[in-house]
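Inspection log for the structure reproduced underneath, given as structure tokens.
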Amino acid sequence: MTDPVYRRVVIKLSGEYLAGQQGFGIDQPTVDRVADDLIAARHLGTEVAVVIGGGNIVRGVEVSSRGVSRPTGDTMGMLATMMNCLALEAAIERKGTPARTLSAFVMPEISELFTRTAAHKYLAEGRIVLLGGGTGNPFFTTDTTAVLRAAEIGAQAVLKATNVDGVYSADPKKDPTATRFDRLTHSQAIEGGYKVMDATAFALARETSLPIIVFSIAEPGSIGAILRGIGHGTIVAG
């Protein structure tokens, strides 16, 4: 078996993906499949931390457009990420692999508070660590959270799992002439306005010299393929 390219990574998953074909909520077969992929990645020898969005339950921006204040809407979204983390943690542990959810919020009855020390400890123990609650502050996306947490815990890369196999010049579902980039710099990603991640996330990755690999999670085993250096995606670095 090929040794993994990265010793420690943060994987960014969208909440919408966990909804499966139903489009809302948590689809258990999808959660189980993601859990299988994460477990397989851990078995390669890579230490795996995961940041999940909450858009399958609530999106703060959308809620705020309907009269709720933006900080309150974003807090609702951050709480939704905790639901996703707990669902995925349960699936991983049911399959026999230890996992641990750490929260940006103080909620002792539900989850331990995120600290760098706790994250390092659980990753070193071989657990898959699920990082919920976003940054704990409104106005920041879970993409930015993924880069922030990766920098904090010394991850070597952020793996951004999407429904397309990389960064394209335009939406490939709408524009048949769209071309996929094999590689971009952080600055090119920001200047190009590519919507796969927000500019704040790219800027923080540039500042902390963190590579981001954008890939499709649609095929089972895609995370492991990226970790072995044989996956198909776009590398944003430099």
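Glycine residues also receive a Cβ, built from the backbone N, Cα and C atoms like all the rest.
Here the structure is a predicted model, which means the values were calculated and not measured.
Around Gly55 (ATP binding site), a 10 Å sphere centred on its CB holds 22 further CB atoms from the protein chains shown. The annotation ATP binding site is assigned in Swiss-Prot to Lys12, Leu13, Ser14, Gly15, Gly55, Arg59, Thr162, Asn163, Tyr168, Asp171.
With DSSP classes pooled into helix, strand and coil, the tally for the region 'Involved in allosteric activation by GTP' (20-25) is 3 helix, 0 strand, 3 coil. Look at Swiss-Prot and you will find 20-25 tagged as region 'Involved in allosteric activation by GTP'.
Among the features that Swiss-Prot reports, UMP binding site is placed at Gly54, Asp74, Thr135, Gly136, Asn137, Pro138, Phe139, Phe140, Thr141, Thr142. When Cβ atoms from all protein chains are considered, those within 10 Å of Gly54 (UMP binding site) total 27, not counting its own.
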For the ATP site as recorded (Lys12, Leu13, Ser14, Gly15, Gly55, Arg59, Thr162, Asn163, Tyr168, Asp171), determine the largest distance between any two Cα atoms, in Å, rounded to the nearest integer.
25
In the predicted model, what is the mean pLDDT computed over the region 'Involved in allosteric activation by GTP' (20-25)?
90
Rounded to a whole angstrom, what is the C-alpha distance between Lys12 (ATP binding site) and Gly54 (UMP binding site)?
12
Ser14 (ATP binding site): which of the binding-site residues Thr135, Asn137, Phe139, Thr141 have a C-alpha within 10 angstroms of it?
none
Would you list, in sequence order, the residues of this chain other than Gly54, Asp74, Thr135, Gly136, Asn137, Pro138, Phe139, Phe140, Thr141, Thr142 that have their CB within 8 A of the centroid of the site's CB atoms, where the site is the one recorded for UMP?
Gly60, Gly77, Met78, Gly134, Thr144, Thr145
Inter-residue Cα distance where the pair is Thr135 (UMP binding site) and Thr162 (ATP binding site), in Å:
21
